[in-house]
């Protein structure tokens, strides 16, 4: 998840439930044709993209995988990544960055010269927005390539590009002349009366950005500020890159610990893996690779708490270097905030967010934690421990202290086994499923693999449901849903040689406005990337070209519709490839979530780049994605979308009921744990960190702070590992990680108000589209919510508004 970046604000980067007895209510709207539906499914699921197995006619040729997605091999047509003619090679990317920098410098000279004229003043903010777009388009595509591309040469070129452009952006952010001209224009009432609301909004945004970048500092201090900002960016990039790395690749266990493993299959797995250990072996010691499935199986099935603890800590340990990088960028952020005159980095970050100040965030989180703990969390923990001898006699506080984080999956297995025995009535024995210790689930078709880690806590229902949700089925189903809600659909779009980073994996979709047949933007989908966690990348933002810009020259770098550059969004996931790839319900949630961001980018149509799509407040941007998870959890949606990958039969509603019930077993606990992460984020960017700077940068100890937060908040408390060094959002969402929870609360209220009655309602979809999605960043988020929910008291966006959201949501 990530939103686009303003000129000076570049960031590297559950919902309401319905009764299962409610029947699916499909509003009477025109849905996509069967031909387009089948074409979408085939594009992701079939070897040859044909309809009904026909491949001997023109229609069949149209669906050829080679013709559609692997480009023309005869050299008749080729381009660069995302149809940017420069991006044909790593060297081309560096050339593109240099061209972009030159374009930006030329534009700055032009603006500085023309601002002396009346027309130059009127065009100034639009050209500032154009300047921002030039740089952000370059740095955003570089960031995408750095994170996603398989070729290290491309990755190295992307890093070089990022450094070139980011350094220049920081120079612009402290350009006194650019700032002074902007201030004069914004303070000229006659000029303001001739500007559009969007121009005024962007002008105010950029003025804030200049001022938050130390524009009032003396030259020496500004230089220090730029250096500090760039150093934070480099450290953050390193932190994110290494966040999935383990402190050690192997963990050793003694022969006594080995004997504590009751499952003979797991023992044999340990012995086989131990034989492959590359280091010096000690007698009576076994070695387990932490990157394998063995540690997870031990935590789920082994009765020895000490052994589970060892596995859990090993999996959650970050390297010492990683923790040190975290300490340093937290300290540098505190120093940056101090230089700008803020009480803390959190105060700096929240000044123009929905929450406005850290005190409001802490109040929101504290109230949420108290409500969760006193209502659902303790109930879930009691249910989880019901089968454990003596646990029923413990007080609430004793129970909370007794259940450790490494007990969670072990207890959950016992809990769900008991639950299944009373609900499935022997269904397990009659269903062909994998054994409890396999890491992937295979159906009777040996070429079909589910893209999920499966363990013994998976129910028969959850395993069987995978067969009804192939990637193609989900994408075609989303097109059907968006057609119903917004009159927008997906159409398979052929790619040209060089347009995508992997011709075998990547698919391109045209996002089509059904009402006028116009293209709204493009999606590039890579669901089986070997190196990327599920992510949303805005590669190009929507923007109307200025009159002086050359359409033909611009068309070499972006995809156009008349005088608009169209939004380009990439969705990347790390699912296991199959033929077809079948998805767990959690992975269906993931696609829906990321598609929420994508549709925000498509529907949020503005003239100016800085306001389009997801370029809104960070604590507002997650609402569309989180709301989509309400759709993915609603049986009225899943039953309409799901169909068996071989037979085409609709998904049985009883399977959805069983699986949904089991998925929510620890819903409140998981929300509470997420609130702990948000609280840690606040603590690491608080006033106390600024005060610690008096003792020197080395006084910042993030591990001590992490363990103290865990001790204070207790539920599944971790006082042993350095997991915080593996939490990338501490950089990419520094001081605003709470936004996930705030937006979940807001999305829940929106769901209850608009969609709970009928998730396919065109009326509800249009209201949501018109009041929330279409504005991008042009309208105050609290005003959007007040209008969408018809709750006028939200419009002020103060602490009371956050309290109202909390009271009306059902987290």
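In case you wondered, yes, glycine gets a Cβ from its N, Cα and C as well.
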Given ranges 367-394, 395-422, 423-450, 451-478, the stretch to which Swiss-Prot attaches the annotation region 'Disordered': 423-450
Cβ neighbour count within 10 Å of residue 593 (Zn(2+) binding site): 21
Cβ-Cβ distance under 8 Å to residue 600 (Zn(2+) binding site), same chain, at least six residues away: 613, 614, 621, 624, 625, 773
Cβ atoms near residue 594 (active site) (within 10 Å, other residues, all chains): 22
